[in-house]
Each structure stands twice: as structure tokens, then as C-alpha cells.
Amino acid sequence: MGTEKEPHNNDEKAVYATQETEQDLSTGECTVFQVSPEAERRLLWKLDLLQISMLPTMGICYMLQYMDKLALSQATLLNLRQDLVTWQGLVGNQYTWCSVVFYFGYLAGSIPTSYLMVRLPLGKYVSTSVFLWGGILMCHAACQNYGGLVTARFFLGVGEAAVAPGFGLITGMFYKREEQPARQAAWFIGNCIANIIGGVVAWGIGNSASGLQSWRLLFLVLGGITSGYALILFFVLPDSPAKASFLSESERTIAVQRTLQNKTGSAAVTEEFLWDQVIDAIQDPQAWLLILYTFCVNLANGGLTSFSTIIIAGFGYSNFESLLLQMPMGLCQLIFLILTALMATYIRSSRIMSMILNVIVSVIGVVLIYTLDDSQKVVKLVGLCFVATFAANIPLSLSIITSNVAGTTKRSMLSVSLFIAYCVGNIVGPQFYYASQEPVYSSGIEATLCGLVLGVFFLGCLFVYYIWENKRRDGRHGVMNEGFDVHDLVEEQNRKTDRQISGFRYTI
């Protein structure tokens, strides 16, 4: 014990062995190293900006995902719905179901994804899913009737199911708990950019001189770009820090070592699927509070994603103006995302309070839309921009999972469970947007308000639970020490969960 290793290159000069365990990193066990701040800073810079294989890559991919998701709403203003009415007599809430069935596919894809993300190389699995979803989006252009569109939407959801949970898990593998909110937000910025430029792209395609209907061209262009990007993603998206090809051997050692103090499980190897961790997840109060919160706020998201352009047109704007007016929604979301990430990173114990603040802003936006008359269309548009701010909480929700859940199987299960709740909320939400109420959708706005208020309530409960549980553990086991604890490391390597590791404390 206590041997010292001679460094062999400049990177390795920063790494010294201070304690050894019985097995090597490659077998799933971990040697504890003391890593110099200089080596950590170099690695962090490389992960953040200098390599295409991390944050920029995931951000661009997430932008494409959301642009693809918005494509149905935009295609509606490019005469998709009118063409379906002409060809087949689209009636009632059939358009709503074209939107909703996407989330049935997402839900169906999430179930095997929770297992496959543990068993298969994570980066390869996610990039393959991206390639398939791009191809499926291109198939939308061939739709001639309601049945074809519904089928295409379902399989698009299946293809997209791995992306956000996979990105969340990859971020948790490479970054410390305190670093995760800003990095989760960094790739989620793609969502905001999609809102900003997606309308411009659709507007440009709608005004292009083409022999093909504009909505068909929109699906072909976006789907082709997505599948092409997946080929890049396949070669650059890492499976884990221990297998990251863009890092040197010493950098991989540092990358694994620095995240061990998260106490959320080693990313050195792909673990087997552990059923006792599944049971622990089912019994965990934080899991249910996060699931209930996610379901409630996505009652709002389901309607906004599918009907925002129609709602904007109902304020008194033309179809093409409505496409362009998605830009301020994305800009507002981007501003709140940056503010939220900064608060969560630099203000202690502010993650959940930041999330509550964002949802309250969304509640204010819904009230503006619901109470103002049509003559105040600019203020109602501002209200719609405010409503979109709750979406800035998605990266923080993911960072709570990666920071506050130990055990690879449990973390994967909860990550996917959150997206199952996301799907169910997005399925239920649009059901309140009755075709007979277009474009006001008063029932949909009321359901949105109820969902957001309940979301604030469940976040408040989660905040209280974390404080109570941390104090309970401090009273039983003593105040947690920062950094490594040998006993905690042994518990982690024995594949225990956050509820079983005595030194684990929840990040608030």
C-alpha cells in the first residue's frame, strides 16, 4: 500500500497512486489516484470544447432531434393537414393523434432502451438510433394518408427514445456532480437553437421553388441531414471514459478517477443488469417525485410542441409569420437555460429552486394567454414565450438523476422512467386540445396551467425530501466528508445504490 508510480509522460506526471485495490480498472475495480488540478483542467477543457466527440456533438444532435420533432407542426402550416383532408378526409382529432402516437413509439422504445443501454456500447447504440430516426423521418415524405403518417410517427418515436437518456448517462460518466448542470445544459442548448432556426428553415423551404410539396421537402431535408450526422456520431461519441478513443491512456485514467467521488457507480466497465437495483428504484421516493413532476409539466409540453404554430396563428399572425415567430420562444428558453445552469453551478443548493422558478415563469405565461383578449396579441406572444421556459428544466432533471442516483442499472432505469413519464404526459396533454376549440384551445390551456402548478408542488416535495434525508443520514452516519472515502469506494464497487451507501448525500 502507498506505493508511488513513476510518471512516463507529461500527462502522467499529474497522476500518482496513493492507494491500490486488488484489481485493475479494466476489471471494474478502481485504483485511487490523486489527480492534480492542472491535469483535471486540461482534461475538462478537452471534454468541453477541443474534441468533437463530446458536448458540441451532442448539442448538434439534440438540435436535430427537436427540429425533427417540430417538423409535424411546421408541416401543418405548409399544407400537410389540408392535403390529408383532400386525400382522405382527415376529421376530428386525427391530427392530434398524429402527434400523440409519436410518444407511444417513444414509450415502446424506452422499455428495451433501459436494458440495452446497460448491455451494449452506449455511444454506438445511441448513434445507431439516430441513423434510424433520420431514415424514418424521410419516410414521412412518402405518406399519402392518415394511416401512413401515424405509422411513420410511431416509429420515429421508437428511434428517438435512446437519445436524451443516453446523452444524460454519457454526461454523468465524464463529469463531476457539480459540473453536470452546466454540461447537461450545454448539449440541451440544441433544443433552444432548434426553436430559433427551425422556423427559419421551414419558412425557407416553404418559399422555395420546388415541384415537390413543401411539407414533403421539409421531411426529406431534415431526415437526410440527421442520418448523415449519425455517421459522424458513430465514430466520435464515446461509450465510456475508459473506452474514449479521443483520450490518451493517462487521460482515460484521470477521467474515470475524477468521477469516482460522485459515488454513483464506476463507468469503467459495462455492468450487468442488476434486478435488486430495479427494486430499489421502485421503492425510492425521489424517483416517484421526479416521475410525477415530469408527467405534470409535459401535459404542457405535449400541446406546445404540436399546436404552438397554430396557437400563434390564432393570435392574428399569418402562417409564414407563425413559423418565424417560433424564434422568440427559442430565444426566451435559451436565456432561462443559461441563467438556470449558472445558478445551479455557482449557487449552492439551488438546482431544485431554479427549476421551481422556471415553472413559475411558465405559469405566469399561461395566465397571460388565458386572460388577455385577442387585441393584445403581442403580450400573448410574450406569454407563450414564458410558457416555454419550463423546458429549460430538462437538463437539470437529468443532472439530478446522474448526480443523485448510484448504481448503473438503477440510474439507467430512472433515466428511462423519467422519459416514460415524459411520453405519458405528452400523450395525455394534446387530448385536451379539441379541434372544435381551434385556435384558442381553452381546455388545453387550462390543462397546461393545472399541470404546471402540480409540477411546482412535486418539486417542492422533492426539495423537502432531500433536505430531510440528508439530515437523517448526517444524524446516523455523521456529516459527509468531501472527496474520497475508502469505505464508500468499497460500497460503490460492491454495486450498491445511493440508498445503501452510508456516505452518499443528495445534491439539492
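Any Cβ shown, glycine's included, is placed from N, Cα and C.
Note: TrEMBL annotation is automatic and uncurated.
TrEMBL lists 54-472 with the feature domain 'Major facilitator superfamily (MFS) profile'. According to TrEMBL, the feature transmembrane segment maps to 49-67, 94-118, 154-175, 187-205, 217-237, 290-317, 323-343, 355-372, 378-401, 413-433, 445-468.
A Cβ distance under 8 Å defines the sequence-distant neighbours of the transmembrane segment (94-118), meaning residues of its chain 6+ beyond its ends; these are 69, 72-73, 76, 81, 84, 125, 146, 149-150, 153-162, 165-166, 169, 270-273, 302, 305-306, 408-409, 412-413, 415-417, 419-420, 422-424, 426-427, 430-431, 433, 435.
Between the transmembrane segment (154-175) and the stretches 217-237, 413-433, 445-468, Cβ pairs under 8 Å are most numerous for 413-433. By the Cβ criterion (under 8 Å, sequence separation of 6 or more), the transmembrane segment (290-317) is not in contact with the transmembrane segment (187-205), since fewer than 3 such pairs are found.
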